[in-house]
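Here is what Swiss-Prot says about this protein:
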| type | residues | note |
| --- | --- | --- |
| SIGNAL | 1-25 | signal peptide |
| TOPO_DOM | 26-397 | topological domain 'Extracellular' |
| CARBOHYD | Asn40 | N-linked glycosylation site |
| CARBOHYD | Asn54 | N-linked glycosylation site |
| CARBOHYD | Asn79 | N-linked glycosylation site |
| CARBOHYD | Asn132 | N-linked glycosylation site |
| CARBOHYD | Asn182 | N-linked glycosylation site |
| REPEAT | 195-216 | repeat 'LRR 3' |
| CARBOHYD | Asn202 | N-linked glycosylation site |
| CARBOHYD | Asn223 | N-linked glycosylation site |
| REPEAT | 242-264 | repeat 'LRR 5' |
| CARBOHYD | Asn245 | N-linked glycosylation site |
| CARBOHYD | Asn278 | N-linked glycosylation site |
| CARBOHYD | Asn308 | N-linked glycosylation site |
| CARBOHYD | Asn329 | N-linked glycosylation site |
| COMPBIAS | 374-389 | compositional bias 'Basic and acidic residues' |
| CARBOHYD | Asn395 | N-linked glycosylation site |
| TRANSMEM | 398-418 | transmembrane segment |
| TOPO_DOM | 419-425 | topological domain 'Cytoplasmic' |
Amino acid sequence: MKPQQPQPPLLLLLLLPLLLTTVSSYPLNPKQLKALQSLNISTPTNDPCNNNNNQSSSSSITCDDASPYRHITSISFTNCSSTLSLPSKTLKPLSKSLISLSFTNCPSLSPPYHLPISLHSFSAVSSFLQNNRTKLSGLFLARLKNLKTLYISSTPIQTSRRLYVILGNMHKLTSLTISNSNLTGLIPKSFHSNLRYIDLSNNSLKGSIRISITRLKNLKSLNLSHNSLSGQIPNKIKSLTFLKNLSLASNKLSGTIPNSLSSISELTHLDLSMNQLNGTVPSFFSEMKNLKHLNLADNSFHGVLPFNESFIKNLNFFEIGRNSELCYNKTVLSSNLKLEGLAPCDKYGFPLWSPSQKEESLSGENDYDVEGGNEEKTENLKTKEEEEEEHKGSNKTLFGLGIGLFSLVFLILFLFYLAKRCRLI
């Protein structure tokens with residue numbers, strides 16, 4: 001009997017690894033290889049496209065699978081040498097294929113001003129820091145009109161132009177991060193509708209939260225924290241129905257939390273801490289089933305905290321402290337919860353502790369730990385009004401005693417006088 005011949009599909013499967021090896025063995029474009037060699041980029045083999053797993057390398061390179069030559073599509077520089085430079089003659093051979101370029105911890109490097117405008121992704125973290133000549137230019141960024149991702153962090157942007165001028169031509173941009181980059185001015189009056197992620201935190205932006213942001217129907221994350229934004233949270237924020245993360249912390253926002261915020265049912269992370277927000281804490285938060293992170297600390301909220309124990313326990317993070325006029329109902333919330341910087345309410349719904357008493361009574365303890373001996377201390381604490389009433393009462397008592405003693409002395413003297421007159425008669 002003749003041995004059975006392998007079926008064609010099985011034969012193809014057996015040959016597939018060989019075919020893949022053949023494809024990946026195509027050499028790098030000679031001009032691009034020469035450009036890399038001029039940058040002194042060390043590679044473990046003759047193929048720079050295979051250095052991604054080399055931890056000792058200061059660069060990471062990605063290539064396509066084109067034939068007869070492969071092309072570089074992505075370069076990431078990390079911990080750059082002070083001697084590294086990117087002259088235009090080096091970048092020019094890369095311009096036709098390079099779509100992603102990133103720099104991390106390259107402080108002495110000058111920005112690559114001759115970058116190809118075909119880039120889809122540009123990232124700079126703690127780079128271009130040495131002097132004004134090497135700082136990143138807003139005008140340079142504005143040229144990159146094909147970007148889909150722009151990530152700038154801890155890298156100053158030198159520009160007298162407004163943020164909109166930088167972003168104006170980036171119609172394809174979906175992810176925008178410019179954080180800790182010395183941005184000033186106002187939030188742009190308009191954004192391109194493709195944006196899904198915005199992080200403009202740790203800058204010096206001022207003015208109000210513009211309505212332009214609420215028109216970004218596909219926005220999933222918005223971080224405007226650590227700026228100098230003022231005014232109120234706009235009611236139209238309810239339009240951001242796909243928003244999952246919202247951070248407006250460390251600004252100068254005032255007014256109340258708008259009820260329209262309850263319309264963002266997908267919200268999982270909300271940080272409004274360190275502002276000047278006032279009014280009562282909305283009860284609708286407890287109905288937002290996806291909410292896992294809630295920070296309302298360091299504001300001017302007042303009244304009774306409207307949350308129950310099950311809602312707070314369902315959160316991964318909850319901070320509400322340092323709202324001096326806000327308190328919790330200890331008959332609703334268990335003492336097992338740890339609420340830092342929040343006083344219990346008295347029977348009238350006001351904080352039981354004054355701020356000075358809070359500091360004394362909370363030294364080394366949690367604000368919510370009021371069981372046992374702590375509960376007895378809590379009951380013995382008096383508000384300023386109670387102390388004033390006691391002080392007034394003691395003054396009245398002393399005054400009454402004084403009048404009584406004076407009357408007694410007068411009566412004795414009067415009787416003595418009458419007795420003396422009777423003897424004379």
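Cβ atoms here come from the backbone N, Cα and C positions, even for glycine.
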10 Å Cα neighbourhood of Asn202 (N-linked glycosylation site): matching glycosylation sites from Asn79, Asn182, Asn308: Asn182
Length of the line joining the Cα atoms of Asn329 (N-linked glycosylation site) and Asn223 (N-linked glycosylation site), in Å: 32
Residue from Asn40, Asn182, Asn223, Asn278, Asn308 whose C-alpha is spatially nearest that of Asn245 (N-linked glycosylation site), among the glycosylation sites: Asn223
Distance, Asn182 (N-linked glycosylation site) to Asn223 (N-linked glycosylation site) (CA atoms, angstrom): 16
Number of Cβ atoms other than its own within 10 Å, given for Asn223 (N-linked glycosylation site): 20
Residues of the repeat 'LRR 5' (242-264) by DSSP state, where helix covers H, G and I: 5 helix, 7 strand, 11 coil
Local confidence of the prediction over the repeat 'LRR 5' (242-264), expressed as mean pLDDT: 97
Counts by DSSP class (helix H/G/I, strand E/B, coil) across the repeat 'LRR 3' (195-216): 4 helix, 7 strand, 11 coil
Cβ-Cβ distance under 8 Å to Asn79 (N-linked glycosylation site), same chain, at least six residues away: Ser58, Thr104, Asn105, Cys106
Cβ packing number for Asn308 (N-linked glycosylation site), 10 Å threshold: 14
Candidate with the highest Cβ count within 10 Å, taken from the glycosylation sites Asn202, Asn278: Asn202
C-beta crowding around Asn245 (N-linked glycosylation site), within 10 angstroms: 18
Local backbone state of Asn79 (N-linked glycosylation site), from DSSP in three classes: coil
